[in-house]
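The structure appears right after this line, and notes come after that.
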2 protein chains.
Amino acid sequence: MDMGKGVGLVETKYITVASHPHELTLESGQHFGPVEVAYETYGELNQRGDNCIIVPHALTGEAHVAGRHTPEDRVAGWWDELIGPGRALDTNKYFVVAANVIGGCCGTTGPKSTNPETGKPYGADFPLITIRDMVQVQYLLLKNLGIRRIKAVIGGSMGGMQVLEWALMYPEMVEAIVPIAASGRLAAQCIAFNAVQREAITGDSDFKGGHYYPGPGPIRGMGLARQIATITYKSDESWASKFGRTFSSIRPQDYYSLDNRFEVEHYLDYQGEKLVQRFDANTYLYLTKAMDLHDLGRGRGEYREVFSRFRGKVLSIGVSSDFLYPKYYQEEIHHFFKQAGADSHYWELISPYGHDAFLIEFKKMSLKIAQFMQTLS
Amino acid sequence: MDMGKGVGLVETKYITVASHPHELTLESGQHFGPVEVAYETYGELNQRGDNCIIVPHALTGEAHVAGRHTPEDRVAGWWDELIGPGRALDTNKYFVVAANVIGGCCGTTGPKSTNPETGKPYGADFPLITIRDMVQVQYLLLKNLGIRRIKAVIGGSMGGMQVLEWALMYPEMVEAIVPIAASGRLAAQCIAFNAVQREAITGDSDFKGGHYYPGPGPIRGMGLARQIATITYKSDESWASKFGRTFSSIRPQDYYSLDNRFEVEHYLDYQGEKLVQRFDANTYLYLTKAMDLHDLGRGRGEYREVFSRFRGKVLSIGVSSDFLYPKYYQEEIHHFFKQAGADSHYWELISPYGHDAFLIEFKKMSLKIAQFMQTLS
C-alpha cells in the first residue's frame, strides 16, 4: 500500500482564544483567562470552511502531530504516518487541525504558564479542567480559524475522550468521529492507575505542593509515574517479545544482587527520564484528573441515552490486547451510538501492542481510516 | 457443598534450621546463617511421615495460613477456608505445613532480623535470596519435623513459584503439585511491575539505602508500592463492579477540585496503609527480586526440558481474568509437564477477580482441589 507523503516542514502557531482574565467559563462554573492555544494545521481550509479534521491528543501528546519543525528533526509528529498528501487523513482534501489542550504544557495555557495576577506560574492555583473544557477551547480556536463544519474528529485514549465530547457538545458541527482505545466514562481501574501515578508525583518531596517552579520539580516522582503508565500502555505479549528475560548486567556476579537489572528495567528508566525532560508534572496531575472525571453522562441524563445527541457517522476502534481500555468499552460506545440511531461501526485493531497500538499500528489504521473517510460526504 | 470445619486455635512455632553463621549455602554461592523459621502445622504427621502437604505463601503472605491465634481474632489465616477437617486439604488425613520464607518479615530470618555480626538489623546487607533458597529452607524445616514424603505442594503466585521449584529440586519427595496463577519463569511485564514498586520504595527519602531501622522507614513509598500491586491483583471487571465511578466527597463543590477522590482511591489508600503496618519494606524488595529471578531453566538446561525432572501429578490452575500472570502461563506449565511425561492437568478458574482469585474463590477451588487430592495415593 502506498502510504502517501508527509506534510513536510510545519510550524506551531499561537492564538489567544480568550483575552480577558475571566472570559472563559469552565465546566466547573469557574471563570478563567487569558487562554492562548498552541496549534498546527496541515492542508488548506476550503472556501466553505467545511473540510476540517480535528486530531485531539492523548495525555502526553501535543499540537505537533505531523511533519517536522526543521529539516534536522530526527522524528516527525506523533501521528505523522496518518497525515499528508495521499495519506489516510489526506491533506490534499482536508484541513487538519491539532491543538495542545488547555492545562497542557506544550504551548497552550496551563499550570506552568504565568498567572497575570501574580506574575508567577499558576502551579497548583490553576483551575481544575475537564475534557469538555479542552473541547470548548478547541471550538474557540476553530471559530477563530473560520471553520464552520468538521468532517471528522479522530483520536486515541484521552484524545478519544475529546472526540466523544466533540460529538456530544457540537453535534451540529461534526459529521463523523473516530474514537480509539477510549471509553464513554473512565473505568475504576483507569482511575486507580491514574491515582498511583499522581501519588508518585505528589509524594516526591521536590513537588512542593505544585509550586516548584522554576526548580527542577518532582523529577523522580514524575519519572516513576511515567514508568507505571508505560507498563499499562503495552501488553504482557509485547513486553515478552521485546525484552523477555534479557539481563543487562555484564558482570555475572551482578546477577545475584539486589541492584541487578533486566533490560526491561532500563527501558522503563529511559521512558521516565525522557518524559521528565519535556513534560510538566502539574500538567500530568491536571490531565489525569480530567480523564478521571471523563463521563459522557455527567449532567446530561441517563448514560446510555446521551449518545442519541449525535446522529453522525461513528467508527469506534478497539485494540485486541489493550488491558487499560479493554475493547469492550469501544464496543459499548459503538453499541450505544448504533442503538441511538447513528451510523456506527466498530473495528477491532488486532495488535499485540496493547493500548499503545494507536501510536504504532499505522499501516493497519491507515487502511481502515482511509476507507472510513471515503464514506463521508 | 459442606465446606468442612476450621482448624481452630493454632500457634506459630519457631525452629532454627541453620545455627552457624555460614551454614546455609544460598543459590548465589554465598554462605549465610543462622536461619530461624516461623511455621505452623495443622493435622498430625502419620507414622510413615508421608502425609504432608506444603503450602508456600505469596509475596505478602506468612506462615499463618489457617485457624486463629486467639479466640478474639477477627480474621483467620489467609487460606483458612481450604484447610481443616473435611476441607479440601483435609487435616483428618493430612499434615499441613506452612512456613514464612527466608527473607520474609513474619518470623523467619530476613532483612529486619538482627545480624549477629553487628548486633543490628541486616537491612540492605541481607544476602540476595531466590525462590530456590526459600524451598531449600523449607526442606530443612521438613527434615527437622521428620517428614519423608510430601503428598502435595500447593500455592499461588510467589507460592506457585515455590511449588514448581519443589517439584524440580526434590522430585523424589513430592507426589503432586498444584501451582496456581504462577509461571515457570517471570515474564517481563511482571518484572516491570515489580521494578516500579521497588522504585516507589527506594525513591522515598525515608528509605535511607535500606538502613532505616528502627525508624518508621519508607512508609509513603511502601504504601504506593502496595497500591500499584493492588491494581495488578484485580481486574478491570472487578474494579468496575466493586467501585464503578462512585465519588466519595460529600460536598458537591469538591467535585471540581484536584483533591477530589473516587471511592476506588480511598480503597487503594487503605490497602497501602494496611500493609505498611505489618510488612517490612526491605523484605518487599528482596522478595520481588526473588520473583524476578524466578526461572525454572536457570542452570538446568533448556527451559522446556527441565520439566522432565518431575514425573508426579500436576494440577496447574489459571485464572480467567488474571492479567498479571495470564492463564497461558499456567497452560504452558501443564503442557510442558505433560510433554515430559507427568500426569498433568490444567484447570481454569473462571473468575472476575483477577490474580487475587486464588485468595477469594474458595468454593470453586475447594471442589477442584478436593477432587484432585482424592486421586492421590
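Cβ atoms are placed via backbone N, Cα and C, with glycine included.
A TrEMBL annotation is a machine prediction, not a hand-curated record.
According to TrEMBL:
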type	residues	note
ACT_SITE	A:S157	active site, nucleophile
ACT_SITE	A:D322	active site
ACT_SITE	A:H355	active site
BINDING	A:R226, A:D356	substrate binding site
DOMAIN	A:53-360	domain 'AB hydrolase-1'
Within 10 angstroms of A:D322 (active site), Cα basis - recorded positions out of A:S157, A:R226, A:H355, A:D356: A:H355, A:D356
Rounded to the nearest Å - Cα separation of A:S157 (active site, nucleophile) and A:R226 (substrate binding site): 16
Integer Cα-Cα distance in angstrom, A:H355 (active site) to A:R226 (substrate binding site): 15
Count of other CB atoms lying within 10 Å of the CB belonging to A:R226 (substrate binding site): 24
Site with most surrounding Cβ atoms, counting all protein chains shown within 10 Å, from the recorded positions A:D322, A:D356: A:D322
Assigned element (helix, strand, coil) containing A:D322 (active site), judged by DSSP: coil
Average pLDDT across the domain 'AB hydrolase-1' (A:53-360), rounded to a whole number: 97
